[in-house]
Amino acid sequence: MANLTRRQWLKVGLAVGGMVTFGLSYRDVAKRAIDGLLNGTSGKVTRDRIFGNALIPEAQAQTHWQQNPQQTIAMTQCFGCWTQCGIRARVNADGKVIRIAGNPYHPLSQEHPIDSSVPFSEAMEQLAGESGLDARSTACARGATLLESLYSPLRLLEPMKRVGKRGEGKWQRISFEQLIEEVVEGGDLFGEGHVDGLRAIHAPDTPIDAKHPSFGPKTNQLLVTNTSDEGRDAFLRRFALNSFGSKNFGAHGAYCGLAYRAGSGALMGDLDKNPHVKPDWENVEFALFMGTSPAQSGNPFKRQARQLASARLRENFQYVVVAPALPLSTVLADPRGRWQPVMPGSDSALAMGMIRWIMDNQRYNADYLAIPGVQAMQQAGEQSWTNATHLVIADELPTLAGQHLTLRHLTPDGEETPVVLNTDGELVDASTCRQARLFVTQYVTLADGQRVTVKSGLQRLKEAAEKLSLAQYSEQCGVPEAQIIALAETFTSHGRKAAVISHGGMMAGNGFYNAWSVMMLNALIGNLSLSGGVFVGGGKFNGVSDGPRYNMNSFAGKVKPSGLSIARSKTAYEASEEYRDKIAGGQSPYPAKAPWYPFVAGQLTELLTSALEGYPYPLKAWISNMSNPFYGVPGLRAVAEEKLKDPRRLPLFIAIDAFMNETTALADYIVPDTHNFESWGFTAPWGGVASKATTARWPVVAPATHRTADGQPVSMEAFCIAVAKRLHLPGFGDRAITDPQGNTFPLNRAEDFYLRVAANIAFMGKTPVALANQEDISLTGVSRILPAIQHTLKADEVGRVAFIYSRGGRFAPEDSGYTEQRLGNAWKKPLQIWNADVAAHRHAITGERFSGCPVWYPARLSDGRAIDDQFPIGQWPLKLISFKSNTMSSSTAVIPRLHHVKPANLVALNPQDGERYGLQHGDRVRIITPGGQVVAQISLLNGVMPGVIAIEHGYGHREMGATQHSLDGVPMPYDPQIRAGINLNDLGFADPTRTITNTWLDWVSGAAVRQGLPAKIERI
């Protein structure tokens, strides 16, 4: 028993005295209170009579930083969500992670990060005492609790093979070597008949179908999917695309934010990388958030939350959040910001209404929009330009419709240079003109004698906005006409110190054009790369390139995938054999059997469902690395799960994962993967950081997964290396990597790859990073991996790579993101008021030409039918939306503490709807959609627009430990709490207009639809 002081006796007396007043029925409570004071609340004596069992501090900082010699503070990467912040992990002498906080060197964890040149101990001192009040570097709820998943009993640590039928949840242990043998060589693996292994599938010289050579080689019958780039994407792509050579690779973007990214890419003129912008938080005067809610969601999540909080302190800052449900970004008591409700999937009606008012009232930046080229931009002292004045062929003519008029069209020997109408009314080369006319409609005679109508890009946008009146736009989006005008007027009243940003709220049945129209508002005021406007990120130190120390991109025998992706990405339907065969047979080529996506890539939403239907060809194997479409894609479970359980449709399924997610549970083989704190990797901010930055992840503790025969931890990398070496694929093995001098180096272990990437990062630019000193190496725990660094790298690389890991990455000075009045990286391409690449194509189902500029389309199905026509509002009066949780993410369900904070997700309805359906706050209801039904507890909140059900995302798992499996006949650990709540994606549905069955997708980009699902509700 701990010794009692007089003060403690007084506390006991006060506690007992207070409880006596509650009567004898509370004697047990009183007893527990006394026991807690005497012996600790757990019944065990606490380590300290004052601090209880609190962690021993990592250091004392009274005069200078004196770190606890029993702890190291490792700077690494978080993976609690897709922001992937830099964090610091406290690791004790036993090699156990005991606490997580933020990395003060990292721009995603510190609003104004500490410069990397500051020694580690000095940086830590700045976080302590009074200075720590201003410079505290923290982690969010997900990051702070991520260590619990590292030690979760739900982790998968050894290779497993299914027994019984696919999806039954019965497994057996196998060695890593047996797993490699079976998946490579194939055979009668499950007593269900022969299964081709990866050796048989890897046939780069054999066509899938000799009658359809455009499909490409049999190698394409391997699908590889990755959750996304959590730091190791480059390694997996090296294996799948450039070593094995498959065309079919996918990531989760199609069910995360593809509609927004593609719409943004259309404006930015880059539909390959789909770049996007973020606001200059320190100088913006008016911010409009449409489809994103900083502090509630968005990326970077934590950084934007801090920046919004700081911006609120400025007198000249205002903001509006446009969303169907009130987010944490704004509160009713905040005079700086307000919430504007909007109907789900109607953002472009609001945006186009604003654009119409801006056009009608000439509130656009005319001088900026009149700049027709780079030379004129430089002469005007601008930082960006648009193609608003470039002339577009408006007539529906083969190969010409929607294309920009060029000098080649006017004269046979002319160049492919856009043409504008200058201020004197003359047709001139856009690159030599200083100012061009904004609004043009006139006839032009082409070199071949054709007389065509041409219009300027801005004229086309104006006409698109004029398709509806403000009253009609108001009716479509549910925002009063006066509010549309007020938003447009306010947005254009701050010069260029206004900004619009968006993200996942665009994932609707018209998401691509929603996103493009929203982001177009930035172009109309000319705010790109300017103080108070928006900017593209500062970029990253790309060590996976052919860098200063190693060629990490090029290697002998590197394969360029060929043929057709099953998702039909970046391929025009009109170039397909299906189209040509229909034309040859005298048929109308439209509709195709399924949508094609001529200018957008990344449709994991199409890859699996198309393969299971054998269109355009079947798959033979799937390797999934942590991907989980069966949890993340609305309606996919109902559409595809039973089909995937049939091995005849997809004979071999290998999942690489640290946990049994909803998709991994359907696999034939499971390769256990290392945890975030056990693995290597490199990531970079998605946006919102003006300076260049790259995060370094490294094994701060020893991996817990089983070992291979040669001592490697089993992981994604170990699997790829073993398969590649067994098949003698290029890019792996003893002589896989070269340096600029032609020397060769091995790729036999994960660190062979990542440490050489780190060396490239360390030496990039005019000056390499500094050498790490011994104190930094020791205090940050880099000493644990120093032997691997010394063994793998050249002597002059060791100290600089150690420096990279001691800082958790490489970060350019914060002020490097601001140069000559420009914020962030320069954007050299013209903003696309009219995108001719989009306008060049037709929709493969309806045959209609895609609009080359933003325009209002209602949410629609694949055949062009409006969703409300297929599912009438009279029968389906409500619309479902999902919103990001600020505590739980889809991958953190295995963390118990997050469930303790919030056991189930919020499912919210407006009180007006509650009254309409006879519901009280807390009632249990049945939510029904065309795809299914779930039971939930409803909350009645004024912060939800009438007609909307808002569902918090991240809950309602069926796997991730929610269901018990068996291993060698022994029940595996599980936690039924993980099943709590509901998942909106279980309510998604199949598009009834499609021939090749799939879920409801955005008709342009193929992005999953999770905003605006038709629904109804019943009280239970």
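Using the three backbone atoms N, Cα and C, a Cβ is placed for every residue, glycine included.
Of the residues C140, C256, Swiss-Prot places C140 in the same [4Fe-4S] cluster site as C78, C81, C85. Least crowded of the binding-site residues (C85, C140), judged by neighbouring Cβ atoms within 10 Å of its own Cβ: C140. Confidence annotation: the domain '4Fe-4S Mo/W bis-MGD-type' (71-154) carries a mean pLDDT of 93 in the model.
The binding-site residues considered are C78, C81; of these, C81 has the fewest other C-beta atoms within 10 angstroms of its C-beta. Across the domain '4Fe-4S Mo/W bis-MGD-type' (71-154), the DSSP tally of helix, strand and coil residues reads 20 helix, 20 strand, 44 coil. Those same-chain residues not listed among C78, C81, C85, C140 yet with C-beta within 8 angstroms of the centroid of the [4Fe-4S] cluster site C-beta atoms are F79, G80, T83, Q84, I87, L108, A139, R142, G143, F301, K302.
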